[in-house]
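Copied over from TrEMBL, here are the features:
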BINDING   11-14, 35-37, 70-73, 93-95, 122-126  NADP(+) binding site
DOMAIN    123-278  domain 'Meso-diaminopimelate D-dehydrogenase C-terminal'
BINDING   Trp149, Thr174, Arg200, His250, Asn279  substrate binding site
Amino acid sequence: MKKIRIGILGYGNLGRGVELSIAQNPDLELAAIFTRRDPSVLRPLTDHAKVYNVKEALNHKDEIDVMILCGGSSTDLSSQSPAFASHFNVVDSFDTHAKISQHFKSVNTSALLSKHTAAISAGWDPGLFSVNRLYAESVLPLGNSYTFWGKGVSQGHSDALRRIEGVSHAIQYTIPIESAVKEVRKGTHPQYTAREMHTRECYVSLKPGADMDKVYAEIVNMPNYFSDYDTSVHFISDEEFMKNHSAMPHGGFVQRSGTTGAKQENNHIYEFSLTLDSNPEFTSNILVCYARAVYKLFSEGLYGAKTVLEIPPAYLSLQPIEKLRAELL
Ligand code: NDP
């Protein structure tokens, strides 16, 4: 069997996760890793992995079936995804929800022009959660939808803490409010504000001489990040930070409670939940499945950008559809 040759662009948490995930999938092989940094400073996890500077990527175009883009959503992917879709089939995990339609348009334009296929926003949220929202809202047109995240690390909120003057290390955990979760699971269709669904818990170590009260006030009053939530801040040492806050767990669930019956007398709960020890490793496994799907779509001449809502689920699998029909239906 000819293996699907995967390139990795960007070698951070997701880049390393994709590298590990390829080894779990016998139909895939790692072709090369590309980075904006000096390739000699990276230490790949697999023996003999080839690492190049991103400027060399086009020289390796014919060795790569799908390039998995592992850059950050805030600054990297909005330029990297359309640029690489001009030369490669690509997959990304773009997660800035408000900008996904705009991102789709620019990647779609590049991919259609170059006759390539691209899957965008292929993670868990957006991603698997989105697919489940679609199933739940289609099946239960009368009802209410909820998404709870955590307990888990929010990279965006942790980054915001680290930008505050005087902060040495920082991490933010998003925690769902148990009483709100219970109410939703009862199917009572409650209406909640952001503050009533989640709390935010911050662990921060300070640089020598930093003003703790000033840092605290800056955190709890930060608009868009913390001011709309009940936020607790724990000041700890660098040593405690390294010892207890280096993992990246996450998870959450999407839920819809809906009604059927002549008088809407029957209530139904649809729930999809995830509990993840490592957010980046799980997300990387999703990216790898969508790389396989992109390769299949491309092989059928289906070019342009697609989202998880448009890609047939069977395309994610290594197994042929006949086997899936026999075993999963
Ligand atoms: P990282 O910060 O670890 O990596 C992002 C990029 O930064 C890398 O591609 C790399 O590019 C560069 N980089 C990494 N480490 C270093 C370093 N030590 N020094 C300098 N540059 C470095 O981000 P993640 O891999 O954790 O996450 C990437 C994105 O994935 C997030 O921004 C998030 O938006 C998205 N995501 C989406 C999810 C979803 O459900 N849709 C879930 C989880 C994440 P280079 O090698 O070129 O320097």
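Yeah, the Cβs are placed from backbone N, Cα and C, and that goes for glycine too.
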According to DSSP, collapsed to three classes, what secondary structure does His250 (substrate binding site) have?
strand
When the Cα-Cα distance from Gly72 (NADP(+) binding site) is computed for each of the binding-site residues Trp149, Thr174, Arg200, Asn279, which gives the smallest value?
Asn279
As a check: which entries in Tyr11, Leu14, Arg37, Gly72, Gly123, Arg200, the binding-site residues, place their Cβ less than 6 Å from an atom of ligand 1?
Tyr11, Leu14, Arg37, Gly72, Gly123
Spatially, and counting Cα to Cα, which of the binding-site residues is closest to Trp149 (substrate binding site)? Options: Tyr11, Gly123, Pro126.
Pro126
Arg37, His250: which of these binding-site residues has the sparsest Cβ neighbourhood within 10 Å?
Arg37
Here's one to test understanding: among the binding-site residues Arg200, His250, Asn279, whose C-alpha is closest in space to the C-alpha of Phe94 (NADP(+) binding site)?
Asn279
Rank aside, I only need the closest one: which of the binding-site residues Arg200, His250, Asn279 has its C-alpha nearest to that of Arg37 (NADP(+) binding site)?
Asn279
Quick one: of Tyr11, Phe94, Pro126, which of the binding-site residues has the smallest count of other CB atoms within 10 A?
Pro126
Cα separation, Gly123 (NADP(+) binding site) to Arg200 (substrate binding site) (Å, whole number):
23
Cα proximity to Asn279 (substrate binding site), best match among binding-site residues Tyr11, Gly123, Pro126:
Gly123
Is Gly72 (NADP(+) binding site) helix, strand or coil when read with DSSP?
coil
Gly72 (NADP(+) binding site): tally of other CB atoms within 10 A of its CB:
18
Distance check, please: Cα of Pro126 (NADP(+) binding site) against Cα of His250 (substrate binding site), rounded to an integer number of angstrom.
14
Integer Cα-Cα distance in angstrom, Tyr11 (NADP(+) binding site) to Thr174 (substrate binding site):
26
The domain 'Meso-diaminopimelate D-dehydrogenase C-terminal' (123-278) [mean pLDDT, rounded to integer]:
95
